[in-house]
Amino acid sequence: MAKTYNAGVKEYRETYWMPEYEPKDSDFLACFKVIPQDGVPREEIAAAVAAESSTGTWTTVWTDLLTDLDYYKGRAYKIEDVPGDDAAFYAFIAYPIDLFEEGSVVSVMTSLVGNVFGFKALRACRLEDIRFPLAYVMTCGGPPHGIQVERDKMDKYGRPMLGCTIKPKLGLSAKNYGRAVYECLRGGLDFTKDDENVTSQPFMRWRDRFLFCQDAIEKAQAETGERKGHYLNCTAGTPEEMYERAEFAKEIGTPIIMHDYLTGGFTANTGLANYCRKNGLLLHIHRAMHGVIDRNPHHGIHFRVLTKALRLSGGDHLHSGTVVGKLEGDREATLGWIDLMRDSFIPEDRSRGIMFDQDFGAMPGVMPVASGGIHVWHMPALVSIFGDDSVLQFGGGTLGHPWGNAAGAAANRVALEACVQARNEGKEVEKEGKEILTNAAKHSPELKIAMETWKEIKFEFDTVDKLDVKHK
């Protein structure tokens, strides 16, 4: 018997609300935090999100008969209350894997956070988490190299790596910029970094910066006997220009380059990650613009989703927040997305905001980068929070040392090694941090001065985007 077509508008929940559905291992699962307009039932708005982010539109169309909608449609299968928030609820939606292009984070994001976020029936909508099925994960390139390969390339083991963002971030000439890089690296840092908005400006063109920074790396390596690097920002206005900068960085022998993955876009990021994998370059990822997307607790995309998307798109480092510094970051939530960067399998853990199990299989991990308003007094907490597989990046906390960049770098290196040694001896580094640093400073005048300089500096502001479990 032929299918019949009934024109007109019908409620979304007639087709897309399926509370009896059992998600498959191959399904994408998404958790949206939703605030509907007044009078719109929860089931209807959950079904509307499922429809508008998959196969549905505002009216029935005859071409629905030309495909198997029951297979391809998104399914709203569960609704939950949000702790401490009577206005919002969680809508859980399952999507068949065939809705998304293989290996394309762009395809996934276009569907899940596309037009649906402008839907009039929604007052607010936030994508809290995605479960990427392992079958899909295996189609993505992931990090160009990963944590272990980076350690082997840089010949650094048993401790976090140390970095520094060169300041002032804008205005220096290429030669003065390179001098600042050299002083930091010879003082004891492993890496220095372009800030996110350092690209190719009239005061410092990219090619000049690359050359002076590479000279600084080679000179510092010769003096210290350690491998060094500087994150050369290849973010550009066009993909062609981005690849030209990456190619030049490879030619001069730099070990690591950088990309602003949100402003640059996932297409550019995945392409650059593929280039780095083929050409032996490490890739540092900055998250500039994330606060626009993830900070509002009711609308946007949670950073844990952006973290997963970056791991699939490709990057060896990713800025993760610090918990203790100047930037936004709830401790438990931060620990959750650090696990999502590094671990192979991350179980559901609502206490950290992780809504689904996530299996990355054999995909390499991403090194979290703690950066933003940190100094030597934060070192015990940073070592405790981030562990060894991380980069602790001090900008002003290096360059602001009264004795100069090299002294600031030396202070950070001494503080780091003292904390790592104390941890390895079984001490509770966070609780005993003051004593650990004070003892280390007896043998390091650079550390002593740094501790005196920043002893009163704190960033004690309440977190805006708290975990929902903390609102109870």
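Numbering starts at 1 and runs along the chain as displayed.
Cβ coordinates come from backbone N, Cα and C, glycine included.
Note that the structure is predicted; figures quoted are calculated from it, not measured.
If you check Swiss-Prot, you get these features:
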- K167: active site, proton acceptor (ACT_SITE)
- H286: active site, proton acceptor (ACT_SITE)
- N115, T165, K169, R287, H319, S371: substrate binding site (BINDING)
- K193, D195, E196: Mg(2+) binding site (BINDING)
- K193: N6-carboxylysine (MOD_RES)
- K326: site 'Transition state stabilizer' (SITE)
- Message: For K169, K193, H286, listed as recorded positions, tell me which one has the smallest number of other Cβ atoms within 10 Å.
- Response: K169
- Query: Using Cα-Cα distances with a 10 Å cut-off, which of the recorded positions T165, K167, H319 are near H286 (active site, proton acceptor)?
  - Reply: H319
- Item | Winner by Cβ contact number (other Cβ atoms within 10 Å) across the recorded positions K167, H319 | H319
- Starting from the Cα of K193 (Mg(2+) binding site), work out which of the binding-site residues (N115, T165, R287) are within 10 Å. T165
- Item | Mapped DSSP class for D195 (Mg(2+) binding site), helix or strand or coil | coil
- Query: At the level of the C-alpha atoms, what whole-angstrom distance separates E196 (Mg(2+) binding site) and S371 (substrate binding site)?
  - Reply: 12
- Task: Out of K167, R287, H319, S371, give those recorded positions positioned within 10 angstroms of D195 (Mg(2+) binding site), comparing C-alpha atoms, in sequence order.
- Result: K167
- Greatest C-beta neighbour count within 10 angstroms, which of the binding-site residues N115, S371: S371
- Query: Residues near the Mg(2+) site, K193, D195, E196 excluded, by Cβ within 8 Å of the Cβ center?
  - Reply: T165, I166, K169, D194, N197, V198, Y231, N233, M258, H286
- Task: Write down the Cα-Cα distance for K167 (active site, proton acceptor) and H319 (substrate binding site), rounded and given in Å.
- Result: 17
- Helix, strand or coil: which one is N115 (substrate binding site) in, per DSSP? helix
- Which of the binding-site residues N115, R287, S371 has its Cα closest in space to the Cα of K167 (active site, proton acceptor)? S371
